[in-house]
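Structure first, commentary second.
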Amino acid sequence: MTGPAAVTGGARRIAAHLSGGVLGAAMLVMPPVVAALTGGRAPLVWAAHVVLGGAVGLVLAELVRARVPPATLAGAVGALLGPLAGRVVDGVFAVAFTAGQAAIAWFAATCLLAAPGGALPEPGVDVLLVALGVLVVAVLAALSPFPPPPAVLRARPWVTGALALACVALGWPGAPQAGAHTPFAPTGLPPGGAVWLALAALFFAGVGWESVTSVVPAVAAGARRTAGGVALGVAAVAVVYVGLSAVPAAGAATEVPGPVRWALAVAVLLVLTSYCFTNVRAAARITARLHPDWRPGRAVVAVVGAACCAFACAGVRDGAVPLLLLGPAVAALVGYALAAVAAVRLGGPALRCAGAVLLLVLVAFLPAGALLTG
């Protein structure tokens, strides 16, 4: 197929790939966590995240469009800045993926233990044991030789989105009361620090903006169509994420019935365990790229699983979920900052300016957190 139809199809392919890369477990995990941290400001925080993520996707897309073949973010950065830069990206993502799975497991465990009485549990040994159980099941599945059925992987984002919509519409799991000890928010944070932590944790939801590096070179569209495809993908993500944060909770005024809580909790547990399973395998593949003699076999999967469990054990404190999500946040920050450096060094005038602005925003994010959290 050639001509306008092919060009339009290329833009749609970019949009579908980008939105599919971003929308995942975060649809379930992040809405209640962001709401617990920011309250009524949650839609604005989500909107800020989507704007930043969209800027990352657009800069990356224009950077790789005619410069590198389809590759991962690490592969693209390595091709543009040298192998060492690529290994740095792989290294931080390998560690970050393990912390991210610990956070997902903590969230699933919190939901399950909130099902009996409806109240969020304190971050104690009970939650930790359930979280470790989630990770053990996921690692055992990752150690098996069986790949997940493609039909299941295609359906999973839709199931996750529908389940997330049901949870936010019913107001479950509910937001913790001020000063309550829960895994969703640390106690004692000033309002500015809570907003910063929410934005930082949302980098976990933004792991996926870099997926343009594998689809844009393959589509080989022009600059305008590439930008249009990225914009369409960003719009799809915005509709989902900002929409989830703004849905009025019907369950806020009335208690969610026990059977409904159990049904939601079990569904969340199953869906998030499946994400841990596939993400552990992804982390093993990333880890194996760090050394030419390593392979993503059972030994590497076991090491990744042990690291996930270690992070889960380290998370026994208030705000375990967003604090563990700082791992993916750092990885995304490093990877996106290196891509911005490549844009400044190798891009044309417009791309250099965009890369410089993005780099300044990313670099300023860490000291801003130190100031806002006191």
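Quick reminder: no glycine exception, Cβ is built from N, Cα and C everywhere.
Please treat TrEMBL annotations as automatic predictions, because they have not gone through curation.
The annotation transmembrane segment is assigned in TrEMBL to 14-37, 44-61, 67-85, 92-115, 127-146, 158-175, 195-220, 227-247, 259-278, 299-317, 323-344, 351-372.
Counting Cβ pairs under 8 Å that are 6 or more residues apart, the transmembrane segment (14-37) and the transmembrane segment (351-372) reach fewer than 3 and are not in contact.
Against the transmembrane segment (67-85), stretch 323-344 shows more Cβ pairs under 8 Å than any other of 44-61, 227-247, 299-317, 323-344. Here the listed stretches are 44-61, 195-220, 299-317, 323-344, and the one with the most C-beta pairs under 8 angstroms to the transmembrane segment (127-146) is 299-317. Within the same chain, the transmembrane segment (323-344) stays apart from the transmembrane segment (227-247): fewer than three Cβ pairs sit under 8 Å, each pair at least 6 residues apart. The transmembrane segment (351-372) makes contact with the transmembrane segment (44-61): 3 or more of their CB pairs lie within 8 A, with pairs spaced 6 or more apart in sequence. Count of Cβ pairs under 8 Å against the transmembrane segment (195-220): among 44-61, 227-247, 299-317, the largest is for 44-61. Same-chain neighbours of the transmembrane segment (227-247): 10-19, 22-23, 27, 30-31, 34-35, 42-43, 45-47, 49-50, 53-54, 57-58, 61-62, 161, 164-165, 168-169, 205, 212, 216, 219, 221, counting only residues six or more beyond its ends whose CB sits under 8 Å from a CB of the stretch.
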